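Participant: First the structure, which I've put down as structure tokens, then a few questions once you've had a look.
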Amino acid sequence: MAHVIDFKEAGFDSVLDELEWRGLISQSTDRDRLAHTLNGEPVHYYCGFDPTAPSLHIGNLVQLIIMRHLQEAGHHPIALVGGATGLIGDPRQSGERILNPKDIVEQWCERLRIQIGGILEQEGSNPVTFVSNYDWTATMNVLDFLRDIGKNFRVGTMISKDIVARRLNSEEGISFTEFSYQVLQGNDYLYLYDHYDCVLELGGSDQWGNLTSGLDLIHKVRGVNVNVMASPIITDANGKKFGKSEGNAVWLDPNMLSVYKFYQFWLNRPDVEMASLLKAFTFLPKAEIERLVEATDTNPGAREAQRVLAWEVTSLVHGDEPTRKAIDASASLFGRGGDLADIDLETLESVLDGLKVENEAGEKVFAQALPGDRIAQAGVSAGLFKSISEARKTIKSGGVYVNNVRVEDEEQLLGDGDFLKGRFVVLRRGKKALGVVARS
């Protein structure tokens, strides 16, 4: 697994200094008070994760990494999984969320707990504490909620929150359900303050309005100043919100995004993003990150920083062994590593998924073939050649490979043993052009 170190080993005077250097703080409550809080005795802090999907994504990973930094510094993490707020849904930039059934929310809550537990320490002297806001929200009746909590919220302040104001001015407006979300989140912080002496809440900067609702509530009803710390919305080299792959979120669940594709996402990041991503998504010390950034400038072709980044993040999320399999599969695909036949079917399917071709209906599918088909025809079907004559010519010149074995005869047929796991044949033209056919 990726090596996790605390701020002292990383060469910083405090964990707050390190988080700032890594670009993980965009705004916070009073900085001096926050520094005093984090530089003193260990405190409880929390971050909430709503089950709006069956998996967390790399936007959530930023929060988990911040939580792990604070945990390594000795502070006590509380991971709140939104069993109650997940039934309500926080306001989005546009459109109401679809409310999921309670049983689905419960299932997703459990899946999120497993993912969170894979990043944060669950054993030892400072394990993460898991809570669900359903436990204290479901038992509160409407009258108590309005008298004890709602009384402390001013509607004028609530409608001035950025997302709420935007939704109010839109055609679809905002429901009372989503409008009330910030009150529920504020009550969460109050509950955790009362029962765990929690004095710091974490979240993304796009949630600043919701984050400060608890801050204000605690000040009003307990007369105490607590803290909020928000991370920036990380963007890519083009200024777009980071973490989208072909329009889809980069999920942490390997059943929603394979380990191989997750690894490739990080491996394919451009040079210009290396400094910010190594700081934000790895626990590497400052000196090592600076060395990797310098290596990118002096020898970009080696892509050392990308390989280190991909290893560190993938092994952190998925573990060492699955990450090694993803790396080995990638190398085997181009004949630079082990035997393709040694790759398990799940990894093989994931590796080859990007080699699908478009059918007449515009769908991405595997090209089809059977034992006894000519390799030249298979190459055309897989999109490596425009014609059979072109395929034969390339075979004759020694430039075509089946499962990394050079094809010697332009009339050669596919054999039953050529189908890896009885399913796939990997075709290669030259050093880099790949194609695949699947048994029909």
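Please read every residue number as a count from 1 along the shown chain.
Note: Cβ is positioned from N, Cα and C throughout, glycine not excepted.
Under the heading L-tyrosine binding site, Swiss-Prot lists Tyr46, Tyr181, Gln185, citing sequence analysis as support. Residues or ranges marked as ATP binding site in Swiss-Prot (evidence: sequence analysis): Lys244. Residues or ranges marked as domain 'S4 RNA-binding' in Swiss-Prot (evidence: sequence analysis): 373-430. Taken from Swiss-Prot, the feature motif ''HIGH' region' applies to 51-60. Residues or ranges marked as motif ''KMSKS' region' by Swiss-Prot: 241-245.
For the listed features, I'd like the structural context: burial, neighbours, distances.
Facilitator: Counting only same-chain residues six or more apart in sequence, the Cβ atoms lying under 8 angstroms from the Cβ of Tyr181 (L-tyrosine binding site) belong to Thr85, Ile88, Gly89, Asp90, Pro91, Asn210. In the three-state DSSP scheme, Tyr181 (L-tyrosine binding site) falls into the helix class.
In the domain 'S4 RNA-binding' (373-430), the DSSP tally of helix, strand and coil residues is 19 helix, 14 strand, 25 coil.
Across the range of the motif ''HIGH' region' (51-60), the DSSP-based residue counts are 3 helix, 1 strand, 6 coil.
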Participant: Express the predicted model's confidence over the domain 'S4 RNA-binding' (373-430) as a mean pLDDT, rounded to an integer.
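Facilitator: Here the mean pLDDT over the domain 'S4 RNA-binding' (373-430) amounts to 96.
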